[in-house]
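Student: The structure follows.
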Amino acid sequence: MKLSRRDFMKANAVAAAAAAAGLTIPTVARAVTDAGSDGITWDKAPCRFCGTGCGVLVGTQNGRIVASQGDPDAPVNRGLNCIKGYFLPKIMYGKDRLTQPLLRMKGGQYDKEGEFTPVSWDQAFDVMAAKFKGTLKEKGPGAVGMFGSGQWTVWEGYAAAKLFKAGFRSNNLDPNARHCMASAVVGFMRTFGMDEPMGCYDDIEQADAFVLWGSNMAEMHPILWSRITNRRLSNDKVQVAVLSTFEQRSFELADNPIIFTPQSDLVILNYIANYIIQNNAVDQAFMDKHVNIRKGATDIGYGLRPTDPLEKAAKNPGSDASEPMSFDDYKAFVADYTLEKTAKMTGVPQDQLLALAKLYADPNIKVVSYWTMGFNQHTRGVWANNLCYNIHLLTGKISKPGCGPFSLTGQPSACGTAREVGTFAHRLPADMVVTNEKHRQIAETRWKIPAGTIPDKVGLHAVAQDRALKDGKLNAYWVMCNNNMQAGPNINADRMPGWRDPRNFIVVSDPYPTVSALSADLILPTAMWVEKEGAYGNAERRTQFWHQQVKAPGEAKSDLWQLMEFSKRFTVDEVWPAALLAKMPALQGKTLYEVLYVNGNVDRYPLDEVPADRLNDEARACGFYVQKGLFEEYAGFGRGHGHDLAPFDAYHKARGIRWPVVDGKETLWRYREGYDPFVKNGEEVRFYGKPDGKAVIFALPYEPPAESPDQEYDLWLSTGRVLEHWHTGSMTRRVPELHRAFPEAVLFIHPLDAKARGLRRGDKVKVMSRRGELVSIVETRGRNRVPQGLVYMPFFDAAQLVNVLTLDATDPLSKEADFKKCAVKIEKV
């Protein structure tokens with residue numbers, strides 16, 4: 001089926017309207033999915049794309065996926081998919097799908113400068129194991145590392161965490177969720193002592209107002225946006241406010257569309273807190289019972305190398321310190337953020353700021369705040385999260401139907417795998433951390449490994465991994481289920497030089513020859529989505545399972561198979577010091593596979609528990625139900641203290657279940673009596689992630705970005721996504737309809753900025769920052785209408801690597817890069 005761009009956009013509009021009206025799948029979608037054809041077998045799965053967690057029905061025939069449609073029984077999307085979801089089958093069958101391992105070779109041997117040559121899995125793992133063993137022997141665990149994914153299944157991430165943190169004794173494991181959700185994680189932990197939202201999508205149908213902070217839900221979370229649209233259009237009292245540094249699709253529904261100067265969201269948040277206090281809108285009873293106030297450290301730097309002038313100038317680089325503060329002192333602190341000052345610093349008219357503050361302050365208006373990368377990809381992203389929580393805590397508009405702060409995720413299992421499993425460099429499962437001795441002991445006991453196996457120091461985060469690769473300190477490196485060479489910041493500074501450094505051996509596991517894969521030394525072909533059994537955890541704490549439905553092409557293998565098979569190449573004697581092994585001499589001579597995955601926990605469920613009519617390549621390769629074993633071992637970390645997951649088998653029968661799950665019942669609103677089983681009768685609200693059960697309001701000021709426009713580099717650059725493509729486009733650009741709809745990246749620029757530079761729509765233009773340059777196409781119209789002084793460019797296009805321009809400044813607390821703010825200049829080509 002062929003769609004013009006006009007038809008494509010019309011189809012998406014139809015989809016949104018259908019959702020708002022409660023209709024079934026639009027005609028164009030039925031044509032694409034070929035629903036109802038004879039001989040098609042249907043089964044459920046969560047969508048492969050964003051963190052919304054939509055349910056789809058996958059149609060298979062003769063060993064191939066031939067159709068998909070929205071699952072009418074899925075509570076998230078109620079039968080509707082966005083335009084990407086309708087084309088899911090086609091992401092599996094790109095013409096350049098990888099089907100066998102490829103190793104750089106010259107003269108029949110591995111060579112860093114050689115050509116990619118097909119090899120067997122044994123050959124691939126022989127070379128790879130030799131490189132990892134050599135590095136471990138010569139330099140130790142700190143020289144090996146892995147960059148994983150929020151697209152991993154739950155058990156893939158868990159298996160990876162065990163292999164690196166226990167097997168190789170290296171905490172140098174970090175997910176690409178570092179680039180998108182790390183600020184949200186640290187924000188949750190600082191304020192509440194536990195990660196992830198307290199609310200759920202059911203808030204949408206009960207809220208009176210929605211405030212979007214740096215979130216273009218209309219394009220990035222279109223199914224949730226359709227539910228908000230339905231709520232707004234069916235009740236004229238419902239209001240929508242959208243805050244962004246440029247006008248985008250979500251503005252079409254906004255009652256209060258706000259464009260602010262980059263970084264000044266911090267000012268707006270403090271102004272709202274000030275307004276609430278000055279107008280006696282504080283829920284004082286809630287504050288007295290459930291909230292503490294602390295003053296946070298300031299001037300904390302920008303996460304750059306210690307030699308950078310900005311880091312040298314910082315008074316408290318990387319500091320997470322805070323001290324108790326009285327309410328009166330907090331009141332005085334935010335009093336500086338007046339309406340007049342805020343309007344001047346942000347460029348937002350006073351009447352719009354006042355209207356926004358009144359939404360939050362009115363005790364009769366239930367408000368949900370949503371945010372994504374505008375908050376998180378921010379050099380003060382953690383602070384932005386904390387300041388938003390302040391507003392909800394001051395007003396008591398939290399942890400109850402229709403009220404709450406909600407961080408939306410961009411990947412299908414950034415929550416379920418990266419965060420809950422603990423595949424960050426500092427984390428273990430269920431919000432535990434490697435720096436806590438008790439937490440390490442819990443993990444070591446559950447994993448049946450010697451005390452002291454897991455290192456007590458935080459490993460290298462994403463940007464630090466890039467720097468260590470360039471510096472020759474990280475030498476054996478495995479990248480799995482992501483395209484970080486294209487997606488990460490400041491490509492030319494550290495990452496590309498590090499990957500191509502002859503001291504380093506780089507492995508990439510991927511279904512397609514991405515920019516990352518083609519920059520590596522060894523490419524391992526990977527099974528995708530329903531070519532394996534899997535589990536994802538979405539943004540509302542909903543865990544969803546699916547069965548394997550087709551086989552992967554050629555010799556492609558799942559990430560789980562790759563991790564476990566690779567572990568067979570190492571004995572504990574080769575990777576653990578003798579003193580450690582002496583604590584458990586019975587483990588001597590065993591492989592990491594035997595110690596980590598055949599430990600009496602993971603292998604406890606026999607193969608006959610896999611339904612005979614179901615595909616499950618990994619289980620049959622292992623000889624036991626490996627997914628169930630991994631999941632149940634992992635779930636044991638969280639049960640009993642607010643991270644409770646249901647039994648494995650329950651998920652295959654359900655359309656997802658939201659944790660904590662106690663006595664078979666899911667939890668919709670956490671921390672609230674009557675909804676959360678961990679809040680006792682009479683407590684009303686208890687933020688039990690904190691020892692005293694109280695959340696924390698943080699006093700945090702505005703601080704400037706790491707880089708701003710000047711006379712030479714006179715424009716802000718912001719990067720992001722578009723509706724048609726997901727992240728780096730490695731899947732969506734292989735769908736002809738999606739590719740044709742948005743074939744290449746463009747540079748969105750204000751018409752007056754273009755005119756001042758002698759540019760017209762469609763002109764080729766060179767975009768330059770202090771770090772790199774590229775050529776793009778001028779776009780002065782369309783969906784993104786940027787203000788003067790700012791340009792916007794999506795990052796899906798491998799031919800226009802926008803991240804050669806971006807700065808690798810990070811939030812010093814979360815280590816998440818700021819992709820939304822750097823300075824560029826442009827000139828006509």
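Cβ from N, Cα, C; glycine included.
For reference, Swiss-Prot lists these features for the protein:
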type	residues	note
SIGNAL	1-31	signal peptide
DOMAIN	40-96	domain '4Fe-4S Mo/W bis-MGD-type'
BINDING	Cys47, Cys50, Cys54, Cys82	[4Fe-4S] cluster binding site
BINDING	Lys84, Gln151, Asn176, Cys180, 213-220, 263-265, Met373, Gln377, Asn483, 509-510, Lys532, Asp559, 719-728, Asn803, Lys820	Mo-bis(molybdopterin guanine dinucleotide) binding site
BINDING	Phe795	substrate binding site
Student: In angstrom units, rounded to an integer, how far apart are the Cα atoms of Cys82 ([4Fe-4S] cluster binding site) and Lys532 (Mo-bis(molybdopterin guanine dinucleotide) binding site)?
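Tutor: Computed Cα spacing between Cys82 ([4Fe-4S] cluster binding site) and Lys532 (Mo-bis(molybdopterin guanine dinucleotide) binding site) is 23 Å.
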Student: How many of the residues that make up the domain '4Fe-4S Mo/W bis-MGD-type' (40-96) does DSSP mark as helix, as strand and as coil?
Tutor: 8 helix, 20 strand, 29 coil
Student: Going by Cα-Cα distance, pick out whichever of the binding-site residues Cys47, Cys50, Cys54 is nearest to Met373 (Mo-bis(molybdopterin guanine dinucleotide) binding site).
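Tutor: Closest by Cα: Cys50.
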Student: Tell me which of the binding-site residues Cys47, Cys50, Phe795 ends up closest to Glu219 (Mo-bis(molybdopterin guanine dinucleotide) binding site) in space, Cα to Cα.
Tutor: Cys50
Student: If you take the centroid of the Cβ atoms of Cys47, Cys50, Cys54, Cys82, the listed [4Fe-4S] cluster site, which other residues of that chain have their Cβ within 8 Å of it?
Tutor: Phe49, Thr52, Gly53, Asn77, Asn81, Lys84, Gly85, Pro222, Ile223
Student: May I ask which of the binding-site residues Cys47, Cys50, Cys54, Phe795 is closest to Lys532 (Mo-bis(molybdopterin guanine dinucleotide) binding site) if we compare their C-alpha atoms?
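Tutor: Going through Cys47, Cys50, Cys54, Phe795 one by one, the closest to Lys532 (Mo-bis(molybdopterin guanine dinucleotide) binding site) is Cys47.
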Student: Sort the binding-site residues Cys47, Cys50, Cys54 by C-alpha distance from Gly214 (Mo-bis(molybdopterin guanine dinucleotide) binding site) and give me just the closest.
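Tutor: Sorting the binding-site residues by distance from Gly214 (Mo-bis(molybdopterin guanine dinucleotide) binding site), the top entry is Cys50.
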Student: Any idea what DSSP makes of Glu219 (Mo-bis(molybdopterin guanine dinucleotide) binding site), helix, strand or coil?
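Tutor: Assignment for Glu219 (Mo-bis(molybdopterin guanine dinucleotide) binding site) reads helix.
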Student: Return only the integer: C-alpha distance in Å from Cys50 ([4Fe-4S] cluster binding site) to Phe795 (substrate binding site).
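Tutor: Here the two Cα atoms are 16 Å apart.
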Student: Among Lys84, Lys532, His727, the binding-site residues in question, whose Cβ has the most other Cβ atoms within 10 Å in this structure?
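Tutor: Buried the deepest by this measure is Lys532.
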Student: Reduce the DSSP letter at Val722 (Mo-bis(molybdopterin guanine dinucleotide) binding site) to three states and note it down.
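Tutor: Where Val722 (Mo-bis(molybdopterin guanine dinucleotide) binding site) sits, the three-state DSSP reduction gives strand.
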Student: His727 (Mo-bis(molybdopterin guanine dinucleotide) binding site): which of the binding-site residues Cys47, Cys54, Phe795 have a C-alpha within 10 angstroms of it?
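Tutor: Correct set: Phe795.
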Student: List the same-chain residues at least 6 positions away in sequence whose Cβ sits under 8 Å from the Cβ of Val722 (Mo-bis(molybdopterin guanine dinucleotide) binding site), in sequence order, or say none.
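Tutor: Within the chain, Val722 (Mo-bis(molybdopterin guanine dinucleotide) binding site) has Cβ neighbours under 8 Å at Glu219, Phe742, Arg783, Pro794, Phe796.
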Student: Tell me, roughly as an integer, the mean pLDDT over the domain '4Fe-4S Mo/W bis-MGD-type' (40-96).
Tutor: 96
